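Engineer: Pulled these from Swiss-Prot:
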type: SIGNAL; residues: 1-25; note: signal peptide
type: MOTIF; residues: 31-38; note: motif 'TonB box'
type: DOMAIN; residues: 43-157; note: domain 'TBDR plug'
type: BINDING; residues: L88, S90, I115, S116, A256, S316, R522; note: cyanocob(III)alamin binding site
type: DOMAIN; residues: 160-619; note: domain 'TBDR beta-barrel'
type: TRANSMEM; residues: 174-183; note: transmembrane segment
type: BINDING; residues: D204, Q216, D218, D220, D255; note: Ca(2+) 1 binding site
type: BINDING; residues: D218, D220, Y254, D255, D268; note: Ca(2+) 2 binding site
type: TRANSMEM; residues: 222-232; note: transmembrane segment
type: TRANSMEM; residues: 237-253; note: transmembrane segment
type: TRANSMEM; residues: 316-332; note: transmembrane segment
type: TRANSMEM; residues: 335-344; note: transmembrane segment
type: TRANSMEM; residues: 392-407; note: transmembrane segment
type: TRANSMEM; residues: 410-424; note: transmembrane segment
type: TRANSMEM; residues: 456-465; note: transmembrane segment
type: TRANSMEM; residues: 499-514; note: transmembrane segment
type: TRANSMEM; residues: 522-534; note: transmembrane segment
type: TRANSMEM; residues: 563-577; note: transmembrane segment
type: TRANSMEM; residues: 590-601; note: transmembrane segment
type: MOTIF; residues: 602-619; note: motif 'TonB C-terminal box'
Amino acid sequence: MINKKRLLLSTVSIMVISGWNQASAAVESQDSLVVTASRFKQPISSILAPYTVVTRDEIDRWQSNSVADILRRLPGVDIARHGGIGQLSSLFIRGTHASHVLVLMDGIRLNQAGISGSSDLSQIPVSLVQKIEYIRGPRSAVYGSDAIGGVINIITTREKLGTSLNVGIGSHGYQTYDGATQQTLAENTVLTAAANYTYTKGYDVVADGNTGGFRQPDRDGFMSKMLWLGVDQKFNEQVSGFVRAYGYNNRTSYDADINWSYPYARPDTRELYSRHYDMGVRFNQGIYSSQLITSYSHTKDYNFDPQYGRYDKSASLNDSEQYNLQWGNTFQLYQGIVSTGVDFQKQSIEAGTSYIPKSKTVRNTGMYLTAQQQLKDFILEGAIRSDKHSEAGWNTTWQASLGWEFIKDYRLIASYGTAFKAPTLSQMYGFGGNHDLKPEESKQWEGGIEGVTGQLTWRMTVYRNEIEQLIDYANSRYYNIGKAKIKGVEWTGLIDTGMFQHQLTIQYIDPRNSETNEILVRRAKQQVKYQLDWQLYDFDWGLTYQYLGRRYDKDFSTSPAKRVKLGGVSFWDLTVSYPVTSYLTIRARIANLLDKDYETVYGYRIPGREYYLTGSYNF
């Protein structure tokens with residue numbers, strides 16, 4: 001965690017040997033090389049911003065069956081869920097809006113975020129996730145629009161040769177079947193293939209009908225099918241490349257929305273079809289490395305009444321295509337690294353998407369420069385980026401950080417950064433659209449101290465985020481009329497005591513509307529997260545505790561919607577696994593152990609106590 005002497009020199013050595021790779025999750029060494037913070041490979045210990053990595057082994061140990069269940073355990077994260085698996089989930093980082101979180105898949109932003117403004121994590125199959133890199137704080141100076149609260153990078157590439165088969169069952173008719181293999185086709189060629197099918201009957205997610213929709217006392221289930229295929233090729237010692245494709249088809253049932261235009265229909269079914277293709281080439285020689293990636297994704301998102309079908313006039317369709325081109329270069333310079341590159345993105349939507357009457361295309365070109373240097377006991381880090389958005393014009397953001405190891409194993413950190421979010425297509429051209437909207441802008445100050453005290457590795461951070469020109473809906477149109485001010489403090493710690501490993505996060509945020517001084521909705525001011533792991537007689541046990549403080553929401557069953565308070569809650573999860581043989585492992589989980597009844601979105605129930613059983617065979 002703490003910077004050591006010559007840390008950045010070792011970073012450079014590792015990078016030069018391994019090659020810089022933004023989108024590939026190549027085999028990581030024990031010093032946990034990551035790429036998301038500054039778009040070049042570096043050990044976590046050299047990163048000044050708060051950073052968390054979740055590995056596939058941890059996901060298996062937690063036995064998470066959704067991406068939301070993985071992320072809710074992480075520092076600074078708050079999840080507002082409209083029910084169980086597959087139901088809409090909103091991700092808040094450090095109290096910022098869900099649209100202020102940049103979600104990447106293998107370093108490339110998700111397709112639908114440019115339309116709705118935020119990424120719907122509920123639709124990403126958890127079997128697709130092999131690693132998650134998560135950084136808190138502004139990162140627009142590295143990635144451009146959306147990265148106000150933080151960045152989530154979901155990495156899909158598998159890291160281990162071999163084959164794995166998984167079968168699971170659980171409450172509410174849950175079942176999942178998963179298979180993956182990674183094999184060497186030739187000396188320098190590796191093929192990876194994976195598939196998954198997941199289904200749950202679900203449960204009735206609406207608690208009391210207080211959602212402004214129609215009460216439907218039925219099960220709200222979910223089904224997902226996923227395929228992944230990739231090839232990695234090493235051409236020589238300097239050049240390598242990859243090509244991959246993956247896609248998933250999902251079907252989700254929910255309680256009906258009101259369709260004012262076609263009152264005969266009750267849209268309560270969602271079908272999502274997502275396809276993604278990308279390829280890249282990497283070059284590495286001496287102090288220089290480079291990577292070029294191109295990608296294409298296509299998403300179709302239907303909402304309809306099954307009685308009339310998805311092609312009925314009462315149905316809706318969000319149909320979007322996205323093209324990306326990324327070129328990044330990294331240089332060893334003095335006692336550190338400099339990275340520079342260009343991103344290009346083109347997003348096209350068909351007429352009718354998000355109620356936009358005509359097809360639209362937007363383009364964004366970004367140029368960035370990041371650098372990190374070590375000067376004795378100091379680490380200096382900086383980044384600057386300019387984006388040219390075809391609708392929002394030019395936006396330039398920057399950030400700077402300083403770390404000082406004032407005594408051995410203790411470091412002080414200070415940082416400042418700016419960030420922005422461009423208006424979405426629906427805000428500019430949909431119902432109530434305003435093509436004169438300006439980007440939302442933020443300024444964040446952060447200070448922290450981290451250290452190793454005996455067996456305890458810890459960090460405490462305080463931050464302040466001011467966001468202006470927030471886009472809000474008023475008088476039947478979108479305007480830049482909102483402001484928010486967020487203050488927070490978080491403490492994270494990790495310690496081993498005998499056979500027990502403890503991880504603890506304590507966080508407090510004060511997210512307020514600067515105009516009204518009201519607490520922003522669906523954010524808990526206090527959270528405590530605790531993970532306890534231990535091994536006893538070959539059984540691996542895990543106990544998870546989470547406390548969510550009270551939060552506010554809106555009751556949309558009234559007009560105008562009134563503000564309501566949701567109570568706080570504490571809940572536990574228990575997991576256990578046992579290696580029957582060196583190939584076969586059996587895992588079991590009890591989620592919401594004490595069967596707590598609570599809501600993170602007003603009117604939508606979180607599942608009660610649930611049971612899961614999984615078998616994994618690896619060879």
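Note: Cβ is positioned from N, Cα and C throughout, glycine not excepted.
What does the local environment look like for each feature on the list?
Structural biologist: Within the same chain, residues 14, 18, 20-22, 44-45, 47, 49, 51, 53, 104, 107, 133-135, 139, 142, 151, 153, 337, 339, 370, 372, 381, 383 sit at least 6 positions outside the motif 'TonB box' (31-38) and bring their C-beta atoms closer than 8 Å to a C-beta of that stretch.
Neighbour density for L88 (cyanocob(III)alamin binding site): within 10 A of its CB lie 19 other CB atoms from the protein chains shown. Under the DSSP three-state reduction, L88 (cyanocob(III)alamin binding site) is assigned to coil, being neither helix nor strand.
Listed as Cβ neighbours of the transmembrane segment (174-183) (distance under 8 Å, sequence separation of 6 or more from its ends, same chain) are residues 65, 85, 127, 158, 160-168, 190-201, 228, 610, 612, 614.
Neighbours of D218 (Ca(2+) 1 binding site), defined as other CB atoms within 10 A of its CB across all chains, total 14.
Tertiary neighbourhood of the transmembrane segment (222-232): same-chain residues 24, 84-87, 123, 125, 127-128, 156-157, 180, 185, 189-200, 202, 240-253, selected by CB-CB distance under 8 Å and a gap of 6+ residues from either end.
Packing against the transmembrane segment (499-514) from elsewhere in the chain are residues 74-76, 94-96, 466, 482-493, 520, 523, 525-536: each is 6 or more residues past its ends and has a CB under 8 Å from a CB in it.
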Engineer: Please give me the CB contact count at 10 A for S316 (cyanocob(III)alamin binding site), counting all chains in the structure.
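Structural biologist: The Cβ of S316 (cyanocob(III)alamin binding site) has 17 Cβ neighbours within 10 Å.
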Engineer: Over all shown protein chains, what is the count of other CB atoms within 10 A of the CB belonging to D220 (Ca(2+) 1 binding site)?
Structural biologist: 26
Engineer: Which numbers of helix, strand and coil residues does DSSP report for the motif 'TonB box' (31-38)?
Structural biologist: 0 helix, 2 strand, 6 coil
Engineer: Just to verify a number: CA distance, Y254 (Ca(2+) 2 binding site) to D218 (Ca(2+) 1 binding site), in angstrom, no decimals.
Structural biologist: 9
Engineer: Do any residues, 6 or more residues outside the transmembrane segment (456-465), come within under 8 Å Cβ-to-Cβ of it, and if so which ones?
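Structural biologist: Distant contacts of the transmembrane segment (456-465): 1, 50, 94-96, 137-138, 148-149, 413, 442-450, 484-495.
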Engineer: Where A256 (cyanocob(III)alamin binding site) and Q216 (Ca(2+) 1 binding site) are concerned, what is their Cα separation in Å, rounded?
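Structural biologist: Spelling it out, the Cα of A256 (cyanocob(III)alamin binding site) and the Cα of Q216 (Ca(2+) 1 binding site) are 7 Å apart.
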Engineer: Between D204 (Ca(2+) 1 binding site) and D268 (Ca(2+) 2 binding site), what is the CA-CA distance rounded to a whole number of Å?
Structural biologist: 12
Engineer: If I take the Cα of D220 (Ca(2+) 1 binding site) as reference, which of the binding-site residues D268, S316, R522 has the closest Cα?
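Structural biologist: Of all the candidates listed, D268 is nearest in space.
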Engineer: Using a Cβ-Cβ cut-off of under 8 Å, list the residues of the same chain that are 6+ residues beyond the ends of the motif 'TonB C-terminal box' (602-619) and lie near it.
Structural biologist: 60, 63, 65, 81-84, 87, 162-172, 174, 176, 203-211, 553-555, 557, 564, 566, 583-596
